[in-house]
Every structure is written in structure tokens, then in C-alpha cells.
Amino acid sequence: MLSGSIVALLTPFKADGEVDFDGLQKLVEYHIAAGTNGIVAVGTTGESSTLTVEEHVKVVNKTVEFVNGRIPVIAGTGANATHESVTFSRLLNDSGIDACLSVTPYYNKPTQEGLFQHYKAIAEVSNVPQILYNVPGRTAVDLLPEPVARLAELENIVALKDATGDLNRVAIHRELCGEDFILLSGDDATGLDFVKLGGQGVISVTNNIAAKDMADMFRLALEGRFEEAEVINQRLMPLHKNLFIESSPIPVKWAATQLGLIECGHLRLPLTELSEKCHPIVAQAMTDAGIY
């Protein structure tokens with residue numbers, strides 16, 4: 001169910017800062033037409049930290065409605081307070097989502113045992129599969145392989161999104177967690193190599209603006225056609241790198257606006273729009289990738 005190129009979907013806003021649900025539906029249709037293998041709603045790229053609880057739940061519910069069972073929908077449910085992640089999980093239990101993606105608690109820097117207990121508490125209240133999400137560059141805490149292996153023994157913890165960029169961990173996680181545990185890259189620049197080493201796919205920022213290329217690349221990779229996949233990967237590499245020239249999702253939201261995928265590139269503070277000096281860099285990356 002969870003494999004291939006999964007998009008970490010943008011949340012489009014109107015100029016007044018309200019969520020643009022018509023724009024959200026347009027994005028969903030773009031991804032389904034392009035062959036995207038799944039959608040993460042209200043993750044980091046979806047600006048989860050600046051949405052209210054009500055907005056968060058509504059964006060997930062609307063995404064499920066718009067997708068209408070055509071591809072899996074994964075809901076972001078991460079927070080740095082366990083009770084908040086538990087609340088999101090309970091609120092979304094009957095939403096029709098296919099899985100939840102929960103980032104490690106950020107800022108408060110829990111121990112490895114604290115991380116284990118955090119995810120265990122979420123798993124105990126959720127009736128949908130759970131995806132662990134490790135991105136120490138944003139959270140200041142690293143979920144190590146040993147607690148991942150303990151968590152993988154729990155019935156509804158089925159996957160890990162690994163955004164460390166440490167490719168050595170693919171084999172470590174596979175050995176510790178078993179063949180049935182799903183490993184997804186959270187780093188576009190190393191995503192293809194991640195699959196070459198035994199991962200099942202990527203949760204991608206680049207996918208927001210190069211959906212067909214990403215879907216094709218990971219389809220080829222999962223078929224073992226790595227040389228063909230690498231040709232696409234090298235063409236997209238300027239995007240993989242320059243979509244992080246400022247904090248994501250700032251660059252990708254600007255790029256999506258330039259491509260007409262969303263009407264407004266508004267972000268909620270403290271995120272601000274892409275610096276003007278970065279416009280030509282991101283535009284050139286899109287040109288080099290053949291999408292602009």
C-alpha cells in the first residue's frame with residue numbers, strides 16, 4: 001500500500017490566509033493524473049504547525065473526500081506533546097485515511113525511551129497504520145534504530161519515514177525490523193539510493209511540482225530498472241537541492257505558484273515568501289529539470 005512516490009502535499013492558502021479548498025482539490029487531481037502513489041496531508045510541507053486543530057482535521061477530511069479512494073491518504077498527526085498527537089489520532093480515526101505520519105516530538109528533546117513511549121501511546125489509540133517520522137535536522141532529536149525495532153513489534157506501527165539522509169540505516173532498519181516493515185525515504189536527494197538499498201519509496205517535496213517524473217522514477221526503481229531511474233534522478237537533482245535553498249516549504253510553494261499549480265503562494269508566519277534573490281536559482285532548477 002505504501003510505496004513509490006508519495007507527495008508531502010502543500011496546503012494552498014488564499015491571499016487572506018484562509019485555506020484554499022478549491023486549490024487543494026486541484027492539487028489532488030494533478031497528483032492522481034500524474035501517477036503519484038499517495039498523498040500526505042498536513043505534514044511539514046503542508047504547514048501543519050500553523051494550522052488550527054479545526055483546519056488540520058478539515059484539510060485531512062477534504063483530502064480524503066477529493067481523493068475518493070483512488071490512492072492512499074496519509075494524515076500528518078505529529079506534535080511535540082504526546083497528548084496532542086493522541087488527540088489528532090482520535091479525531092481522525094474515522095476519517096477514512098489509510099495511515100498516520102507522526103514526526104518525533106520537536107524542541108523538548110525526549111530520550112529514546114520517551115520517543116518509544118510517545119509512539120506507543122499513539123498506537124494504542126489509533127485504529128489506522130502508523131508511520132514513524134525521523135527528521136533530526138528539524139526536530140533536534142534522532143530516533144535511533146533500536147527503539148524503531150521495538151516500535152515495529154507493535155501491531156499498527158508499520159513504517160518509518162527516514163529523513164536523516166543516512167543511507168547506512170536502510171540495512172540496519174531492515175535487519176532489526178524485518179522484511180515486512182516499510183521503509184520510506186524523507187530525503188529527495190538520496191531517495192533513489194534509499195530504494196536501491198531496500199527501501200520501498202519516498203515521501204517527497206519535489207513531487208509537488210514534478211509529480212509525473214517522480215512517479216516514473218520510483219516505478220522504474222521498484223521494477224529494478226535503476227539505470228533508467230537514475231537518468232530522471234539526475235535531471236531532477238537541481239530541484240532536490242534547491243527546493244531547500246530556504247526552509248521548506250518556502251521554495252516549493254513559490255515554484256508551484258510559478259507553474260500555476262496553486263494560485264497564491266501565501267505562507268503563514270513565521271514562514272515568509274521566498275527571498276527575491278532566490279527566485280532565479282529556483283527558476284533555473286525548474287528549467288534544468290525540464291518542468292519550466
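Cβ from N, Cα, C; glycine included.
Following the DSSP three-state reduction, the secondary structure of Tyr133 (active site, proton donor/acceptor) is strand. According to Swiss-Prot, the feature active site, proton donor/acceptor maps to Tyr133.
As annotated by Swiss-Prot, active site, schiff-base intermediate with substrate applies to Lys161. According to DSSP, Lys161 (active site, schiff-base intermediate with substrate) sits within a strand segment. Long-range neighbours of Lys161 (active site, schiff-base intermediate with substrate) (same chain, six or more residues apart, CB within less than 8 Å of its CB): Leu101, Ile131, Leu132, Tyr133, Asn134, Val135, Leu184, Ser185, Gly186, Ile203.
The annotation pyruvate binding site is assigned in Swiss-Prot to Thr45, Ile203. Here Thr45 (pyruvate binding site) comes close to Ala8, Leu9, Leu10, Val205, Asn208, Ser248, Pro249, Val252: these same-chain residues lie at least six apart in sequence, with C-beta atoms under 8 angstroms from its C-beta.
Here Swiss-Prot flags Thr44 (among others) as site 'Part of a proton relay during catalysis', drawing on sequence analysis. Within the same chain, residues at least 6 positions away in sequence whose Cβ sits under 8 Å from that of Thr44 (site 'Part of a proton relay during catalysis') are Ala8, Gly76, Val103, Val135, Arg138, Ser248, Pro249.
Tyr107 (site 'Part of a proton relay during catalysis') falls within neither a helix nor a strand when secondary structure is assigned with DSSP, and so counts as coil. Listed in sequence order, Asn80, Thr139, Ala140 are the same-chain residues at least 6 apart in sequence whose CB falls under 8 Å from the CB of Tyr107 (site 'Part of a proton relay during catalysis'). Sequence annotations record features per position, and here Swiss-Prot assigns site 'Part of a proton relay during catalysis' to Tyr107 (among others).
Among the recorded positions Tyr133, Ile203, the residue whose Cβ has the fewest other Cβ atoms within 10 Å is Tyr133.
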